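As structure tokens, the structure follows; a few thoughts come after it.
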């Protein structure tokens, strides 16, 4: 049977994935990735030693080999520095997407292949492909296509939108056809109560329990004071750095001289001047984008879908927790101009816009460069 190296996070999803692989007869090896230096982390919701211990215990229970691999340097250089640079320039970013592309489906697979002679890697993502959750339908002559997992609330294709053909063809997603409730039930039936009861990791794990997001960024980004202005140019406050703000976020009253019962929200960030543009009310028209530009989108299949499919058949999403909505996309040289059917709130440069077709196939995505217009 093929050898599969599975990424063991110490959580319930990777535990059940490993069990399902072993049940199907694969030669399974568990590999725990260390991506963050605990000296940087401090006290955390996801302490490395606990996760590593839980992952090891699951592998011991399944009687499969367990190893660890250190990707701290790669994660710092390929994911974290980009994350900081984006926030330093007032852009919103999704580090999980970069982590999947550069770490989990790149250097992780190289280690799996070169050190452990693996045929495939596996992860606990809620996603599936036309090749099947276990590559059982794979054909060398076919292109692999990425589809949403069975559980719409847990679907993680959003975070896999930049993974390419080669990377997907060597990957398995054992949970693609399962609901989260089924995964937890299997975990409890197999005696994995410890991981089944663990809280799900939410947000960016390296920030740590004791820190607020803005405090964490302050540790790495030098403060650069600026003004908070209304659209008409009136100054209503001052701030210590644009990295503490994102489009759509309510502005803390400590930064403001003006007051409003509706509250003031970030509608634009000028990285060149350091000015924050504010608007009044959480549903102000300036917080909604009806058109935005995507730069150099990456497609999962080997062709540009906009050359073959009517743009009216596309859906897009800019946040994983929001369902895809219909959109029209127009090619403008290396850019795509995207017009969602409904204006989207808090659309920010740096965010990823991920495209789907009407068959729940994830086509790819690209970074939002700028907002062309609002309602």
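The backbone N, Cα and C atoms fix where each Cβ goes, and this holds for glycine too.
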Legend entry - Additional site residue, 90, 124, 132 [criterion: listed by Swiss-Prot with 7, 8, 9, 10, 11, 12, 13, 14, 33 for ATP]: 124
Legend entry - binding-site residues listed as 7, 11, least Cβ neighbours within 10 Å: 11
Legend entry - Assigned conformation of residue 125 (site 'Interaction with tRNA') - DSSP reduced to three states: coil
Inset, instruction - Find the shortest Cα-Cα separation between residue 9 (ATP binding site) and the recorded positions 99, 125, 250, 351, and name the residue that gives it. - result: 125
Inset, instruction - Over all pairs in 7, 8, 9, 10, 11, 12, 13, 14, 33, 124, the listed ATP binding residues, work out the largest Cα-Cα distance in Å. - result: 16
Inset, instruction - Out of the recorded positions 99, 125, 250, 351, give me the one sitting nearest to residue 7 (ATP binding site) by CA distance. - result: 125
